[in-house]
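TrEMBL lists B:H11 with the feature active site, tele-phosphohistidine intermediate. As annotated by TrEMBL, active site, proton donor/acceptor applies to B:E89. For B:10-17, B:R62, B:89-92, B:K100, B:116-117, B:187-188, the entry in TrEMBL reads substrate binding site. Here TrEMBL flags B:H186 as site 'Transition state stabilizer'.
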Amino acid sequence: MSKYRLVLLRHGEGAWNKENRFCSWVDQKLSEEGVKEARDCGRLLKEQGYKFDLVFTSLLSRSIHTAWLVLEAMGQEWVPIVKSWRLNERHYGALIGLNRAEMALQHGEQKVKVWRRSYNISPPLIDESHPYYMEIYNDRRYATCDVPKENLPRAESLKEVLDRLLPYWNSTVVPEIQKGKTILISGHGNSCRAILKHLEGVSDEDIAGVTLPTGVPVQLELDENLKPVKPRQLLGDQAKIQAAIKKVEDQGKAKQAT
Amino acid sequence: MAAYKLVLIRHGESAWNQENRFCGWFDADLSEAGEKEAKRGGQALKDAGYEFDICYTSVLKRAVRTLWYVLDSIDQMWLPVHRTWRLNERHYGGLTGLNKAETAAKHGEAQVKIWRRSFDVPPPPMDEGHNYYQNISKDRRYGDLTGDQLPSCESLKDTIARALPFWNEEIVPQIKKGKRVLIAAHGNSLRGIVKHLEGMTEEAIMELNLPTGIPIVYELDKNLKPTGPMQFLGDEETVKKAMEAVAAQGKAKK
């Protein structure tokens, strides 16, 4: 019997998604398309009668902006938003800023798939020589985290994402769910996958096959032990959802030379 | 020597301002002009290089969205934001939804003058028969308020009385910890803070209409006393106009 309801949302397109580049901790803004995706998502959630009590986002602007647009569409701008680095996108280390298609051409689709979809293989660490290193680590927001800046990740596997997300989930999100609050998590592809892996008990092998489309709300219904009582539901027009899933999967494939 | 800086911003034009209606706790959205005002205010803060650590706003969208425009402009969307009903606009009770002409027709010019000029006389309450009663008093966002806390109407005195505890208990400790605070709110809730900071009389605060969409900066000493008058941020012409408008208010004939 479903006791709690939770919605996960992967933010919509940013400029780098369009260029197929690993964005990760670079603070990209939503593209015009991404803004539209967020608004459409908000309209859908409003039509379905959702009344949120609390929203969680990462420290990255695209997840926050998505939350704002969703709340605006629903007339729920007054709902509190709590932000944490622990919901940030997976840290792609030295691969940040690289184009997925070029990488697939250079290293092969398989290696890229491994980096993107394996559970415990981390990409190479980012270091000071990386063009985006300063932009990330000099940013003031990372001086406000609950770990010192020097202890923040320099690269992550999906396992490492869950390792830093789970304590926050347990200490901060779960108590709110248990109070009966209707929660929206406005997150990223991999932070959402990590949450799903944890809640649904997806194996290390199977999580590779889980693809979350952008801008599509994922509804979870949980029992009093926070175990799902039914499969996750992607809300909205099912044809659109399939197209969105395909779009994400195609990003991993090498582009043919034109 | 200023120990702290505080920035206030009053939201700009709402859809109901356009229609000259008493808005209060009705959750009217910003008009297009109001959105422009917010963006311009954000740009002024960006140009002046302001950084904040924490933000406060009300639970009304015209203030929240003003804050969002500002945070977007200054690229600080990641800042923690606390929303509170205590920073809401004054509750106009039974007058909510009426335009100025309707109000005069319904209550008479003399009564309207009293309400406008009084610090502590509230407008008539919003009772269950009021067409906005369900929309406002029964709104989910006020679900945690006690019977004593949820107003059916407010005088300016009442508004200030419920805003100041939040200022004292939540905002002041943050300022004293050295956090740089931004407050995006409404004409009357901000009047409460200004009256308190400057030690203004009831008459004086009623004369003061804070400009909209323009960041208002206070430099405060370690006891949170302003070291000078409020400053406005913006291009030269905007600031000049705002200062002149404020100066003229005290002299305006009623």
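Any Cβ shown, glycine's included, is placed from N, Cα and C.
A gap of 11 Å separates the Cα atoms of B:E13 (substrate binding site) and B:H186 (site 'Transition state stabilizer'). When Cβ neighbours within 10 Å are tallied across all protein chains shown, the highest count among the binding-site residues B:W16, B:Y92 belongs to B:Y92. Under 8 Å, Cβ to Cβ, and six or more positions away along its own chain, B:R10 (substrate binding site) finds B:A185, B:H186, B:G187, B:L190, B:L210, B:P211, B:T212, B:G213, B:I214, B:I216. Residue environment of B:H186 (site 'Transition state stabilizer') contains 27 other Cβ atoms, counted within 10 Å of its Cβ in all protein chains. Sparsest Cβ environment among the recorded positions B:E13, B:E89 (other Cβ atoms counted within 10 Å): B:E13. Of the candidate recorded positions, B:H11, B:W16, B:R117, the one lying closest to B:E89 (active site, proton donor/acceptor) when CA atoms are compared is B:H11. Look at B:R10 (substrate binding site): DSSP puts it in a strand. Local packing around the Cβ, expressed as the count of other Cβ atoms within 10 angstroms, is greatest for B:H11 among the recorded positions B:H11, B:R117. Counting only the Cα atoms, the space from B:H11 (active site, tele-phosphohistidine intermediate) to B:R117 (substrate binding site) is about 23 angstrom. In the three-state DSSP scheme, B:R117 (substrate binding site) is classed as helix.
Reduced to three states, the DSSP call for the residue listed as 'active site, proton donor/acceptor' is coil.
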